[in-house]
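So that you can see what the record holds, here are the features copied from TrEMBL:
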COMPBIAS  1-15  compositional bias 'Polar residues'
DOMAIN    94-192  domain 'TMEM205-like'
REGION    1-32  region 'Disordered'
TRANSMEM  63-83  transmembrane segment
TRANSMEM  89-113  transmembrane segment
TRANSMEM  134-152  transmembrane segment
TRANSMEM  158-179  transmembrane segment
TRANSMEM  218-239  transmembrane segment
């Protein structure tokens, strides 16, 4: 009986050893696989959160996009001159559509959507990057309309109200772009610097309130300017509609 028990224990130990031998290579392979993936990710820049996502293609540049648009216009323009009646009207339609669409989308969609769905300081930082481009675009589009008017054939000569509306758009947009926006953004970041201090003194709290009040006043002036730009742009649209209906 004792010999039988001894043989049974030996067989059991042998089976356990065999299972361990068979299991060890699989476990080692899994471990080496995980290590290899980690090494590959590190070598490929997987931990570099600052790196570029990819190299931009040659076609994905502002110059190429602009040239593509110009080529498309040339392809359909046929034998007409650059500022023929059709050409001048085409410039007007594109510039006016860009102007009105930009103002409406930024005023009623972009700003309100971000304001309701982003942390306050993040929202302010994003707006500080978008507003200069927004005001530059509205100013530029209105200048294109004025330039096209100055060079347009007789059929697109605008009335005095139309010209005045465009001048108002240029003036108000330029003031927002070159004067008010940089000033307001500077106040905003000054306030953020104080708000983000680990410990704030009573003077800091007073400065936050002062900057908040001043920021609100100048932001209101900028908003009124933007409202004036919208009104003048819509008024200019009436002038264009009168030309289309004539």
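A Cβ is built for glycine as well, from the same backbone N, Cα and C atoms used for every other residue.
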Integer average pLDDT (0 to 100) for the domain 'TMEM205-like' (94-192): 90
Positions on the same chain near the transmembrane segment (134-152), where near means CB under 8 A and six or more residues out: 83, 88, 91-92, 95-96, 98-99, 102-103, 106, 158, 162-163, 166-167, 169-170, 173-174, 176-177, 181, 229, 233, 236
Cβ contacts under 8 Å made by the transmembrane segment (158-179) with residues that lie 6+ beyond its boundaries: 99, 131-132, 135-136, 138-139, 142-143, 145-146, 149, 222, 225-226, 228-229, 232-233, 235-236, 239-240, 243
Secondary structure tally of the domain 'TMEM205-like' (94-192) (DSSP, helix then strand then coil): 92 helix, 0 strand, 7 coil
